[in-house]
């Protein structure tokens with residue numbers, strides 16, 4: 001059975017030509033009133049728009065800045081309509097395919113080898129996990145927490161001294177396939193944590209007293225697809241019953257206010273919630289792991305892009321969590337710490353009031369499970385490159401984010417029981 005599944009995946013991959021995005025554009029639109037919002041919503045009835053920010057048409061609101069991708073064929077219609085209704089816009093990306101190719105602006109030190117300065121495909125990441133085990137056997141262990149619908153392994157790296165039970169932080173990257181800077185950070189974190197142990201006082205103390213569970217790529221199948229077939233792919237690769245559209249948005253698939261957002265029940269949307277809470281193998285693997293380590297995990301951090309934000313619960317309601325003052329304090333100091341490296345400015349706050357309401361998110365699920373320090377990073381940039389952050393900005397992004405994560409970890413070590 002496994003052989004036939006593998007052959008089906010290989011056949012599918014070979015049979016489908018990779019998507020090209022020649023002369024596709026990314027627009028940024030400022031919606032100043034209800035009429036503007038209505039015009040944009042009406043456009044989606046006849047033109048396919050790929051929303052970059054917010055994630056879907058039902059999330060747009062007055063006074064919001066909206067980023068979306070459109071085909072070359074439809075871009076002139078979009079421009080004419082926006083100008084006709086006096087809606088302010090700018091074109092962030094004039095040729096998406098060109099921007100995709102420009103993303104790889106760092107040369108290989110050694111061809112084909114894993115690099116922290118470059119984006120790495122899934123095969124390189126798997127090989128990297130093996131090398132981390134070999135290099136730091138006393139500090140790193142690899143746990144297979146499950147597998148995907150295409151039978152790829154879901155690996156968590158446990159970082160920390162192996163003696164005894166201790167506090168832990170769970171971190172995941174790459175829940176959305178096209179957000180490549182996210183897995184790049186998880187790799188950087190593991191590298192820096194192990195490299196600086198015994199040299200950096202703060203990291204040494206953290207690793208002596210707590211563990212980090214790091215899931216470098218949450219959405220493995222989608223990540224592979226974004227490398228081989230469709231750079232703009234977001235969801236996983238599960239098949240949907242009674243629909244030819246593929247995939248579920250894993251960050252809408254958690255069992256927390258799962259069905260409260262409009263239109264997330266449509267399989268062809270990028271924000272499709274799935275047929276049931278935790279229906280996806282990836283979601284189930286992560287939730288089972290966190291439940292089984294509930295006594296030790298004191299904080300949860302998930303990494304996304306883009307927008308330069310540090311978000312706290314809730315997303316499904318404007319109601320604030322009981323310890324919101326504590327969470328906001330941590331977020332404020334963490335973003336201040338981040339800015340000390342390159343003066344990169346992040347905003348912070350609850351998901352619902354800072355960006356938009358959302359349902360079924362990992363952040364809210366973990367918080368409601370009982371882990372009361374949960375954070376979501378939206379990494380660089382603010383939209384100029386969007387999901388196509390050039391490789392030359394990987395290291396600066398990771399270095400500044402590391403400062404923020406180290407502060408959060410120190411706070412958790414000191415202030416949780």
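Any Cβ shown, glycine's included, is placed from N, Cα and C.
Quantities reported herein were computed from a predicted structural model and do not represent experimental measurements.
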Identity of the Zn(2+)-site residue among 58, 85, 293, 304 (reference: 176, 179, source: Swiss-Prot): 304
Model confidence over the domain 'Peptidase M14' (118-412), averaged pLDDT: 97
Check: same-chain CB within 8 A of Zn(2+) site center, minus 176, 179, 304: 174, 175, 177, 178, 182, 234, 251, 303, 305, 387
Pairwise CA distance, residue 268 (disulfide bond) versus residue 176 (Zn(2+) binding site), rounded so that it is a whole Å: 16
Length of the line joining the Cα atoms of residue 304 (Zn(2+) binding site) and residue 378 (active site, proton donor/acceptor), in Å: 5
CB within-chain contacts under 8 A for residue 179 (Zn(2+) binding site), separation at least 6: 304, 305, 306, 379, 387
